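Student: Here you go, one structure.
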């Protein structure tokens, strides 16, 4: 769902940037208003649907060719990013970092305070969706043990640096309250005497960047669905791999149509909020799972630890579960205190006490509970501090999101739980009972897959 929501959101923004590339300032000119539909779902975007369907066809045709196209588009996109950064620092004014365009708005480097910074951090989590998609390509990489960690870690570092530079250049170009939320960078030069061409160039570059983002994300989401179909959690039809193209055609087509349907009606803000709350929750769950996986030995762990990783039998799950529960409660207490406690020394003292208790809890767990196994590859460093910090940060950022986002997230989560309880549990169990072979994990394998 996270991939579908984020791809739909990115496709909606493609319309705005494509418009600036060809001189159409308002993306609403390319969208069709439908009377009678609720607010936020009444702007039909056929351009977003078209680009999603086009990319779906490409990724169904060939993984290798899609990757080559993506590589070329990414190289061009990086050139545009560097162009934007140079133009921003060249044409920008450092005074825009501290003053609004409208004196009635808050000013200063933190116009909305520290709380505004964390609210923004919760929203830009959208930018950190997709790096895990690199791991879904492990079956199609010659040396995954070497290349996958380099691909994930290297891309995170590079994109973070570029993201910070772009944010700084954007903030220098315009005061924060004058930024166009639909197409910020191209909008910064719109109307500037003698610099209107920059807006068109940036619009073209951003459009290419959106295409690369969509292609990577849609490649990854289809392979996620393919693996889930193999396990029996979803219908095995979704795991079908085409014998000629060696691509998960059914999963790609199904998710492409689903994404296009959402992008057709749903406004960008609604999609962004759904993506952010879902991503934060998923990252929170994964961080907990990393700790549990390292400190609790699974029943079949001896066959699941790769390349000589050591394990320790007899580890109980209860100490780890108690730690994860206690630490999550401390993170929630810190978040509620930050949001609800009145400002003053008492609030600072309360936050400090909860923070100290959280650090002490992690330290005590590290001293008292030994790791059940130590993997040779794919191991998270700094256990349990790194995943604990991720748990704490994700809970804190979840507290920055609005109520409608939680309502929508609860609806989709409830639907997911129903599908899992009524279908997935039974289907995956039946597939495991009737499965055969030595694959150990994949219950439904496609014999036509030749990669």
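Think of each number as a place in line: the chain as shown, counted from 1.
For all residues, glycine too, the Cβ spot is worked out from N, Cα and C.
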Student: Between 6-24, 25-43, 44-62, which stretch does TrEMBL give the note transmembrane segment?
Tutor: 44-62
Student: Any chance the transmembrane segment (69-90) and the transmembrane segment (272-295) are in contact, meaning at least three CB pairs closer than 8 A with a sequence separation of 6+?
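Tutor: No, the transmembrane segment (69-90) does not contact the transmembrane segment (272-295).
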Student: When the domain 'Cationic amino acid transporter C-terminal' (378-428) is classified with DSSP, how many of its residues are helical, how many are strand and how many are coil?
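Tutor: When I sort the residues of the domain 'Cationic amino acid transporter C-terminal' (378-428) into the three classes, I find 40 helix, 0 strand, 11 coil.
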Student: Take the C-beta pairs under 8 A between the transmembrane segment (272-295) and each of 110-131, 194-215, 315-336. Which stretch has the highest count?
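Tutor: Stretch with maximum Cβ contacts: 110-131.
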Student: At a C-beta cut-off of under 8 Å, are there same-chain residues at least 6 beyond the transmembrane segment (348-369) that contact it? List them, or none.
Tutor: 295, 319-320, 323, 326-327, 330-331, 333-334, 337-338, 341, 383-385, 388, 392
Student: Return the stretch with the most CB pairs under 8 A relative to the transmembrane segment (44-62), choosing among 110-131, 152-174, 194-215, 381-399, 406-423.
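Tutor: It is 194-215, which has the most Cβ pairs under 8 Å.
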Student: For the transmembrane segment (381-399), name the stretch out of 110-131, 152-174, 406-423 with the most CB-CB pairs under 8 Å.
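Tutor: Maximum Cβ contact count belongs to 110-131.
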Student: Which bits of the chain, at least 6 residues beyond where the transmembrane segment (110-131) starts or stops, bring a Cβ under 8 A of a Cβ in it?
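Tutor: Sequence-remote neighbours of the transmembrane segment (110-131) are 2-3, 6, 9, 100, 152, 155-156, 159, 163, 176-177, 213, 216-217, 220, 272, 275-276, 279-280, 283, 338, 396-398, 400-401.
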